[in-house]
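Residues or ranges marked as Fe-coproporphyrin III binding site by TrEMBL: Ser104, Tyr173. For His236, Glu331, the entry in TrEMBL reads Fe(2+) binding site. TrEMBL lists 1-13, 33-42 with the feature compositional bias 'Low complexity'. Annotation comment: TrEMBL describes 1-48 as region 'Disordered'.
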Amino acid sequence: MQQQPEQQQAEQQAARRETKAPAATAVHLEPGAAVASATPAAQPGPEHVEEPVAYDGILLSGFGGPEGQDDVLPFLRNVTRGRGIPDERLEEVATHYRHFGGVSPINQQNRDLKAALEGALAEAGVDLPVYWGNRNWAPYLDEALQQAADAGATRLLAIPTSAYSSYSSCRQYREDWADALEATGLQASMQIDKVRQFFNHPGFLAPFVDGVRATVAEAREAGFADGDVEVLFATHSIPTADAERSGAPDLHEWGPGGGYEAQHLAAAEWVMGEAAPGVAWQLVYQSRSGPASQPWLEPDINDAIDELPVGDGGRKAVVIVPLGFVSDHMEVMWDLDEEAIETATERGLWVRRAPTPGVDPQYVGALVDLVQERLEGRPVAERKAVTSIHTWYDVCRPGCCENPRLGFRPAIAGLQP
Ligand SMILES: CC1=C(CCC(=O)O)c2cc3nc(cc4[nH]c(cc5[nH]c(cc1n2)c(C)c5CCC(=O)O)c(CCC(=O)O)c4C)C(CCC(=O)O)=C3C
Ligand SMILES: [Fe+2]
């Protein structure tokens, strides 16, 4: 396809922005549309952009975290605005941050990622500035947008530091980009597209493959047989009501955990096949919040460890893989490295935690590749994707990953209802 004139591209982008609530949740499907498939259609549809786009900047978008004791409570209020998280849970989470001097490692990790991405883009001959902004703490997304606008940028490709489909890991970024456009008054003059969810990009999964291989090798060196070992892939729990709406549920028949769970299962299965075929594994959840009455995805990692068969004929060693996290966030440092490791140790298990991608060149290379495929308008069939789930969408389905508790908010990078 020919590159389209700028005007037409801007109009298409404006048309993609969702500005009103979709009628109920039903999406009309053409007769014969493939809905029973567990994997996205290999055939490109309106959710894929296969023409080149001349982006003039990258918008690296993080979660944000506090950088001192005085930041902790204001940060937590930002994160939980309108969420009904009980005060006791907030106080508990505050103690995790306070334990580390009120400093989350996440902002420094994103500074490091920005520097690594700039280096790798330059090396690949991609001459694009990287602007960095966060959803919940300074530097905020609107500051990054203003910086981009001041430098004359009009078309940004956004990279969220989050690989899977769910409200928290996809839709909420799309809504917050829309809010930032509004806050800066740049709605009409700035186009923001996003890279696809990258849970199945081989460069994102490679550091997990390396980590599982190395930790399982360590277990073998410590004298354990493969049958003694269980690999626990850990990700952030989310409310089951959010999970059901995750990942284009109108096009796919996912299991009860929606696209979010299906993507993690597919990623874990592929990592095990590469790194340690035949070793037992399961997907577990962590960092649950919300009222006890609200169902969230299970099992919790600590319950899963408590329920492992141990002793004769059972497990003697566990490897924890933080599959849902791109770097060593507070959830990794506290919920895994403190709590889950303690749970395993109390049961007499040998335990190791595999690394997160961080600034691993394979992961940074994947981000560069995601940028290049959109600059080139690379055909979907030629894009890099592994696991049983095909290349994810560039443009989200109407209503995809919506949050039933918070209601509709406008978002960018989605098809109109
Ligand atoms: C799926 C998911 C990811 C992965 C995708 C992504 O990376 O975006 C993620 C990442 C993160 N979550 C983070 C921190 C927090 N998340 C909270 C609350 C919540 N997370 C949720 C889900 C997720 N969260 C949900 C469903 C809630 C309940 C409230 C709501 O419905 O939104 C709360 C409130 C207190 C609490 O309830 O724990 C905090 C402080 C940090 C920063 C860590 C650091 O500082 O290093 C990061 C990277
Ligand atoms: Fe979170």
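Including glycine, each Cβ sits where the backbone N, Cα and C put it.
No curator has checked TrEMBL annotations; they are predicted automatically.
Mapped onto this structure are the features recorded in TrEMBL.
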residue: Ser104; record: Fe-coproporphyrin III binding site; DSSP (3 states): coil
residue: Tyr173; record: Fe-coproporphyrin III binding site; DSSP (3 states): helix
residue: His236; record: Fe(2+) binding site; DSSP (3 states): strand
residue: Glu331; record: Fe(2+) binding site; DSSP (3 states): helix
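The two recorded residues Tyr173 (Fe-coproporphyrin III binding site) and His236 (Fe(2+) binding site) have their Cα atoms spaced 16 Å from each other. The 6 Å Cβ screen around ligand 1 retains Ser104, His236 from the binding-site residues Ser104, Tyr173, His236, ordered by sequence position. Summary for the binding-site residues Tyr173, His236: the Cβ-based neighbour count within 10 Å is maximal at Tyr173. Between the CA atoms of His236 (Fe(2+) binding site) and Ser104 (Fe-coproporphyrin III binding site) there is a gap of 17 Å.
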